[in-house]
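There's a structure below that I have some questions on.
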Amino acid sequence: MLFVKAPKNILYVRKKARLLETSIDSLVPSISPFLVTTSPPAPKPSTINFFFFSVSAFSLRAQKSISERGNQRDRDRERAQARSGGNKSKSKNDGLTPEQRRERDAKALQEKAKKKAAAEQAGGINAGTDSNTLMPPQVPFGTWDETKRSGTKRSVLRLVRLKRVERAVPRAPLLSHCYSSPHTHSIMASLPQPTQPLPPPFNRPPPPSTVRPQMTLNPHPPPSSSSTNTNANKTTSLAVTQNSRSKILESQKLKDKEAKERKEETNNRIASRKAISVILRREATKALIEKKKKGSKRLLPKTVLEALHERITALRWESALKVFELLQEQLWYRPNAAVYVKLIVMLGKCKQPEKAHELFEAMIEEGCDVNTESYTALVSAYGRSGLFHKAFSLLERMKTTPDCQPDVHTYSILIKSCLQVFAYDKVQALLSDMEVQGIRPNTITYNTLIDAYGKSKRFAEMESTLVEMLSEQDCEPDVWTMNSVLRAFGNSGQIETMEKCFERFQSAGIQANIMTFNILLDSYGKAGKYEKMSAVMEYMQKYHYSWTIVTYNVVIDAFGRAGDLKQMEYLFRLMRSERIKPSCVTLCSLVRAYGLAGKPEKIEGVLRFVENSDVMLDTVFFNCLVDAYGRMGCFAEMKGVLEIMEQKGCRPDKVTYRTMIKAYSTNKMIGHVKELRELMESAEGSQMTWSQREKPDFQ
């Protein structure tokens, strides 16, 4: 349906009239069936004059209507204000609630719908009375057929367009509209009238009947009191306002949070990039820090301290001392006793007691406070190197020095040093001295004694120490106690006793750790209990115990002893795939297994792996290599091991020469045996043997 606005001035109508004249030629053929009779058709100019006259009449009517509708918008606005005049004064302060307003609007809509239905019914009756006439009922100006939408002011120019008119209004109403004009009666009388009635309109489907559904509203019944409704409205509006404010605040907080997260993410990315570059520079500096010149006094504290800590942890005592000298040259350096204590402990582990003593004296010269911890570190350095006379003299010095009295940690370190050289009489003397000083052994002291007695297979002393430990109120056994007992019985082949002890410790509430399972695997592997060994491995996998390098070494050695080279090699590959660096113990197990199996080509593969890796080799590995070649009769390769040891800076010991002598003696190579014995005697004169360490000087 098209809505056309009324023309604002006569010029607009005349312009449209001129446009209409140009389109009359196309309209005449479609209208001619209604004007033609049996006689010859009327001339074309008369038809043109007729339409031009009708258009002129309508243009005159449009001029009149313009004057009448000059200020149509103002009149419409006045009528609208008149209709809503009462409501305007009672806009929102009429004392009505929203429910009452909805009820009032519903009643007004119902009344309007009733009036409209009555008007439509009256229009239908009038249409029925005219249905029997020759011509169809006249359509009022500005009304679409069968739509009942009257009152729309439409221009004639829109109605005379054929395509629009055919869709909206039949041709008969258009002609009736033309006939109804008073200006056209004279012209129509001069035209020849048809002898036959006009043909019916074209067959078209009847226009769809538009029935508007009437909406019925069921408003809620109004409350009894208007004052309560007003208060309820106020509270409702306040609640809505508060809810909206809370929602706005929440959305604003969410936006702020998202913006903050985005900013933090961006900052983290930038910081990570900067941190990576700083870390790389710091690592490069730490790697070559000992090569810095003595004049560099503005190094970062964190870089120097981390470099020193790494070297202390790796027991690289020479490099650590160089870094410490560089640390002392820095402008921000202040003497610290804790750094000295760490260096002294490291030197004791590296068997450098003289260097440790020098650092101790330097610490006193720099004004650091000397306490029990610093004295204990020096005692440990002397004890680890077998200088027990100096260690015991320092212990007596501690007893007479104020604020430096020996404690249980000092005695435990000395006891451990004595146990390593099997000086059990000195151990008992130290325990008696502790009792005199009023120092009671703790769990560490008892664990040290149990472990030492177990390794030396002194099971009676081990059990008595365990019973004494259980009798103490402040000393309870822990997982280290359990591991020491299990290791003692497992290494001696007492598997049943080991299992019984394991059950008792577990019933006492002591939980096993990865070291416990490593001890069980090693014990079962050495005893040939491979089924129980597999059960322990399944248990570890079930409860997600991660394998360590010790676990891999134990299992690889067990499969190597059993001759299962395929499973051993698989575990070695698995170990490397998990980025666990093989140690010298791992390589010894591989070489020993290949030597027992008679696979010299496999040993060559192990040596190639050693060349391409940074594994620190020791004398034990070369002894295993010599033993493997001697078993297979590869004497040339066995002799070449000595050259490799010389290149790696590793000196052969008694075990090396005895293994080679055994191999030559088995094959009756007497000349080589004599030569090796001479070399062994010369080596004994320049090395300190374990027999010498077993008898230290306690004076």
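Every residue, even glycine, has its Cβ placed from backbone N, Cα and C.
The model shown is predicted, which means the values in this text are computed figures rather than measured ones.
Annotations per TrEMBL:
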COMPBIAS  66-81  compositional bias 'Basic and acidic residues'
COMPBIAS  99-112  compositional bias 'Basic and acidic residues'
COMPBIAS  194-210  compositional bias 'Pro residues'
COMPBIAS  225-237  compositional bias 'Low complexity'
COMPBIAS  247-267  compositional bias 'Basic and acidic residues'
DOMAIN    69-102  domain 'Small EDRK-rich factor-like N-terminal'
REGION    66-152  region 'Disordered'
REGION    185-268  region 'Disordered'
REPEAT    336-370  repeat 'PPR'
REPEAT    371-401  repeat 'PPR'
REPEAT    407-441  repeat 'PPR'
REPEAT    442-477  repeat 'PPR'
REPEAT    478-512  repeat 'PPR'
REPEAT    513-547  repeat 'PPR'
REPEAT    548-582  repeat 'PPR'
REPEAT    618-652  repeat 'PPR'
Take every residue in the repeat 'PPR' (407-441), average their pLDDT values, and give the whole-number result.
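Overall, the repeat 'PPR' (407-441) comes to a mean pLDDT of 91.
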Residue list, the repeat 'PPR' (336-370) vs rest of chain: Cβ under 8 Å, 6 or more residues beyond ends.
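Contacts with the repeat 'PPR' (336-370): 308, 312, 315, 317, 320-321, 324, 327, 377-378, 380-385, 387, 390, 404.
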Do you know the DSSP helix, strand and coil residue counts for the repeat 'PPR' (336-370)?
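Taking each residue of the repeat 'PPR' (336-370) in turn, the totals are 26 helix, 0 strand, 9 coil.
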